[in-house]
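Let me begin by presenting the structure, written as structure tokens, before commenting on it.
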Amino acid sequence: MNYYLFFPMAALLANTMFIAFVYARRTGNPITRSYLLYTIALDAWLFTYAFGWSFPPTPWMTWAFKILSITWLPVGALYLEFVFTFLNRKPGIFLWFFRIGTPISYLIILSTDWVIRGNIHYYWGNESEPGPLYFFVTLNFVALPALIGLGILTKSFFVSGKDQKKQTGLAILGSMFAIFLSFYSEIIQVDDQGRMLSMPLTPIGIVIQSFLIFIAITRYGFLRINVEGLAVDLFRDIHDGMILVKQDRSLFFMNESAIRILGISNTLPSHFYPSDFFKRISGKPGLSFQRIRTHFQCRLQRSRTHEIEHRIDGKGKRTPFHPERYQSKK
């Protein structure tokens, strides 16, 4: 029995459970979709480790490693894609280079022996035997996009707010573990012929990354699948108008119904003051509203929130609004 098989199998199980956790709480948010694609690719890579370490050396393993290279080849590009989506940036020339280069590299792997030319049986299991272009492809299309994404994410960390830094810091730390453990064990720790000198540490790095991302999600709302993010997506398409503002009255969220009810035709205001809009609404006779419900979410220093509900009935009568009642107590 190969006891080393425990590492990729345990990592595969843990990462699959993490994928199920994210998928169950998914929304229409493109950030979540992008991260799911990336972590599913990591899961497929872990399957390749488990597959290669499960069998004795056989001739068909070379073709198996060539076909399964599709599991690890796009990982770097998918991570960079996630970083661009997370930071709401347009794809740059680097991302397009990796998008085009990754499928071309896969075709080269399948049709030639330049990247993978055989398989080697180590004491922990089978691994692919590197060809003359193996490290060129690995460095340029797996390691390089991952390092670029990590650098961009780290740069954004220093200019982000306090709450954003907490979740981004955990994401950076997890990515560093996954990237550098994999880079060290599979790129640096090799002999003159490119053969590995020790067991790959990539499965361990992936588990550490998933664990830190899990903490970032549950504690700091990473990927916007916390309660606040789910509430925003829930209220986006409801019939009632929904407006969320921060403590300084800066606008946090306004759904389509609220925009139509308030008659906002141009860009959304940076700050929201209810009196400005309700005076304009009440001054127009003949307007009939089913109901307008405005929620103001005030973020206090100790995570206390208050909701102010303002209703307008079908006759256009308004309930009194007293903002001084909702001021936080210091």
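Each position is counted from 1, following the chain as shown.
For all residues, glycine too, the Cβ spot is worked out from N, Cα and C.
Note: TrEMBL annotation is automatic and uncurated.
For reference, TrEMBL has these:
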TRANSMEM  6-23  transmembrane segment
DOMAIN    13-225  domain 'Histidine kinase N-terminal 7TM region'
TRANSMEM  35-55  transmembrane segment
TRANSMEM  67-87  transmembrane segment
TRANSMEM  94-112  transmembrane segment
TRANSMEM  132-158  transmembrane segment
TRANSMEM  170-190  transmembrane segment
TRANSMEM  196-217  transmembrane segment
REGION    308-330  region 'Disordered'
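Counted over residue pairs separated by six or more positions, the transmembrane segment (196-217) shares fewer than 3 Cβ pairs under 8 angstroms with the transmembrane segment (132-158), which leaves the two as not touching. Contact count against the transmembrane segment (67-87) (Cβ pairs under 8 Å) is highest for 132-158, out of 6-23, 35-55, 94-112, 132-158. Taking Cβ pairs closer than 8 Å, the transmembrane segment (94-112) reaches residues 66-67, 69-70, 73-74, 76-77, 80-81, 84, 131, 133, 137, 140-141, 144-145, 148 in its own chain, all 6 or more past its ends.
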